[in-house]
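Asks: For reference, the structure I am asking about is given below.
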Amino acid sequence: MSGEKTKKRFDLYIIVAVGLLAALVFAASFLRILIPTPLGNTALHLGNVLCLLSGLLLGGLNGGLAAGFGSFFFDLVYPGYAESAPYTLVFKFCLALVCGLIAYAGGRRGEKAGFNILGAIAGSLTYVVLYLGKSFLFDIWFARTEVATAWADVTAKGIVSIANAVIACVVAVPLAFVIRKAVSHTAIYKRVMK
């Protein structure tokens, strides 16, 4: 019975951690600066910082769930973004998944700075490629725009996406180190991050 009780408590800690980080991703996504593009808007925002932080603190799968669900619910409530919510769920999940898989590979558990940096960069680039690919295909197939217009739109979004990626990597990696150090002697660390 003791093993079953420990397993349930462990699962509950993970569920709470995923929910907490999803809520932080959701809230951070509101901190944004809208930037017009030829076919709409894109934004500089802090959501990706928390998406990477989710992968660095919780690992690939759990971090991906936090990033995906937090971003998904943001898109559902933010005006004009609801139609992209399913894509956002998958793309942000992939961002944190790739980041966490690299940071946690080989038993590193997100504790090696070099692999955290590599994971953050790879996760961010994964998201940028998915987002820009989807934007280009949407512009061509559904918006029925000319290829040149679609490229102009994707170029503008690409510049902002790369800026978001750089900001996210520069902030999330040291922030993960600070948080990990601050909670290293707590039950949360032992049950969720270790």
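Keep in mind that glycine also has a Cβ here, set from the backbone N, Cα and C atoms.
Taken from TrEMBL, the feature transmembrane segment applies to 12-35, 47-74, 86-105, 117-138, 158-179.
Relative to the rest of the structure, where do these features sit?
Replies: Sequence-distant contacts of the transmembrane segment (47-74) (same chain, six or more residues past either end, CB-CB distance under 8 Å): 14, 17-26, 28-32, 81, 85-86, 88-90, 92-101, 103-104, 109-110, 116, 119-120, 123-124, 127, 164-165, 167-169, 171-173, 175-176, 179-180, 192-193.
Within its own chain, the transmembrane segment (86-105) is flanked in space by residues 25, 47-48, 51-52, 54-56, 58-72, 74-75, 112, 115-116, 118-120, 122-124, 126-127, 130-131, 134, which lie at least six positions past its ends and keep a Cβ under 8 Å from the stretch.
A Cβ distance under 8 Å defines the sequence-distant neighbours of the transmembrane segment (117-138), meaning residues of its chain 6+ beyond its ends; these are 48, 51-52, 55-56, 87, 90-92, 94-103, 150-151, 153-154, 157-158, 161-162, 164-165, 168-169, 172-173.
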